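Visitor: One structure, pasted below without further comment.
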Amino acid sequence: MRLKGAIRSIRVCWSIWLGYVIVLLSILMGLIGGSSSVRVREYKFEVGYMKKKPDCIENSYVMGINGHFPGPTIRAHVGDTLHISLFNNISTNEPTSIHWHGISQHGTPWADGTASISQCAINPGETFHYRFTVDKAGTYFYHGHYGLQRSAGLYGSLIVDLALGQKEPFHYHSEFNLLLSDWWHNTSLHQELSLSSKPFQWIGEPQSLLINGRGQYNCSMAANIVNNNATLPQCKFRTSDEECAPQILHVHPNKTYRIRIASTTSLSSLNFAISNHKMVVVEADGNYVDPFEVDDIDIYSGESYSILITTNQNPNNNYWISIGVRGRKPNTPQALTILNYKNASISSSNIIIPNSPPPITPQWNDFNRSKTFTNKIHALMGSPKPPTHYDHRLLLLNTQNLIDGYTKWAINNISLVLPQTPYLGSIKFKINAAFDRRHPSEKFSNGYDIFSPPINPNANFGNRVYMFNMNQVVDVILQNANVLSGKNSDIHPWHLHGHDFWVLGYGDGKFKQGYDEKKFNLKNPPLKNTAAVFPYGWTALRFRANNPGVWFFHCHIEAHLHMGMGVIFAEGVQLVKGIPKQALACGLTKKIMSFNTTNN
């Protein structure tokens with residue numbers, strides 16, 4: 001009996017001890033993000049049109065997700081797996097796809113969301129399952145990557161936090177998330193028709209700018225304060241919950257706030273400012289930068305930043321937050337919202353109006369100012385440094401051209417037209433007939449005059465691919481030039497899928513090999529996924545081709561991409577394993593995927 005009692009006591013003690021161990025292990029796994037509930041985040045997205053008033057004017061062709069515009073914010077920790085089930089419920093029978101902008105997709109290139117490149121377009125009534133891991137903290141977003149669906153409103157925020165237990169290299173008390181965009185009253189389908197017409201019909205400047213999907217058309221919140229704004233009436237809102245009423249940022253005095261800012265604009269380059277508040281830039285495109293202080297920032301389509309502000313102003317006042325157009329002659333009014341110190345009073349309509357004018361957006365064509373800001377961005381100490389030498393260099397000339405009388409954009413005289421069969425499948429399974437297998441041009445004529453309209457404006461359609469060996473170091477020199485007529489050269493923000501690149505430098509005029517590369521910054525260039533090419537200038541990028549897949553590299557202005565301003569990169573495609581059948585169940589890969597059980 002004593003022996004049995006002793007054994008029973010040992011068992012009880014062992015059970016209690018084991019219970020403590022299990023609890024402690026559970027807590028530890030939770031702290032390091034190891035539990036399955038933390039690791040896998042599932043979302044069900046239904047894409048469709050709906051009636052909304054983004055700028056107080058009702059529009060029946062706003063594209064959103066689950067009845068929301070912008071789409072739901074996705075938030076995850078580094079190492080988490082996202083599973084987004086995307087159902088196409090678009091009433092106009094449009095296919096769709098969604099790109100997870102800034103996410104590298106290592107090991108999951110088919111989840112990049114580029115129709116005809118990494119996957120088949122998702123047809124109406126179909127569901128596509130995006131599964132991928134987020135491997136780097138930062139401020140990102142997602143958006144439609146079919147037709148002009150980003151212009152229709154198909155976008156949302158994607159925030160990746162550090163793994164639990166890790167800390168940022170800067171301190172703040174709380175944060176806000178701002179998604180900046182531009183808005184047209186014409187539908188995206190109408191815009192597509194205009195851009196593809198003969199003679200060409202430009203879509204014009206946007207009617208309004210939006211902050212988190214909210215803006216005001218034909219009125220200004222600051223009309224009663226700014227004398228030169230008398231042509232616009234004062235905006236009147238019934239309540240602060242009204243659909244187009246600004247989302248106000250409520251802050252406490254003497255605190256530090258992180259403001260995450262991402263631009264999903266279809267056309268506009270923007271300037272962001274907060275009255276009376278300095279901003280410290282700490283992150284760009286998901287990469288830490290050497291902190292620097294500014295009064296305002298320029299942000300181009302596809303870029304994202306984190307800034308820090310300290311609420312050290314008079315706590316009894318409120319302050320304007322403004323965005324305005326840069327780089328193009330603006331016909332679109334500033335978008336405004338308000339930084340509200342919680343000590344300050346509010347009006348009866350719950351819309352707080354500061355008693356001073358909003359910041360003045362810098363002159364739209366002051367490009368030296370834009371370049372000054374851009375050149376302040378350097379990588380934080382300890383960030384990866386670029387290789388000192390390149391293996392492969394591309395010189396890509398951005399031009400506006402004609403093809404059979406239609407206005408197009410071209411790279412080295414080729415305007416991109418995507419094939420019916422996704423490149424990922426046709427290269428993986430060596431289907432030679434799917435696209436033009438000839439080598440694309442890697443440079444342009446030394447004699448090309450970038451400061452004048454092209455002597456011969458005619459270009460060609462094409463869909464060739466730049467093929468790189470795995471781990472090659474690739475330099476891309478983007479060269480800007482004059483448009484078809486007149487004296488003008490646009491800003492082009494270029495975005496690379498599947499990689500970050502080092503921005504080695506910017507320059508004016510035509511790039512001179514052997515001379516301009518002496519100016520490259522190899523010490524602390526920023527890592528980014530989007531970089532601007534300024535009018536009549538060049539931008540030098542360097543990246544390592546270390547991500548097996550097929551990747552889009554294109555101008556992030558929606559209309560320019562639609563008109564052919566992009567190229568295709570591929571590397572290590574034969575190393576890609578486990579392609580889901582659904583990703584390639586179209587075109588010339590449809591039969592292959594139906595018979596292939598391993599997809600390896």
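The count begins at 1 with the first shown residue.
Cβ atoms are placed via backbone N, Cα and C, with glycine included.
Below, the features straight out of TrEMBL:
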{"type": "DOMAIN", "residues": "47-161", "note": "domain 'Plastocyanin-like'"}
{"type": "DOMAIN", "residues": "176-344", "note": "domain 'Plastocyanin-like'"}
{"type": "DOMAIN", "residues": "451-572", "note": "domain 'Plastocyanin-like'"}
{"type": "TRANSMEM", "residues": "12-32", "note": "transmembrane segment"}
Visitor: What is the pLDDT of the domain 'Plastocyanin-like' (176-344) when averaged and given as a whole number?
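Guide: PLDDT averaged over the stretch: 94.
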Visitor: Summarise the domain 'Plastocyanin-like' (47-161) by DSSP state, stating how many residues are helix, strand and coil.
Guide: 3 helix, 55 strand, 57 coil
Visitor: Could you tell me how many residues in the domain 'Plastocyanin-like' (451-572) are helical, how many are strand and how many are coil under DSSP?
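Guide: Summed by class, the stretch gives 9 helix, 54 strand, 59 coil.
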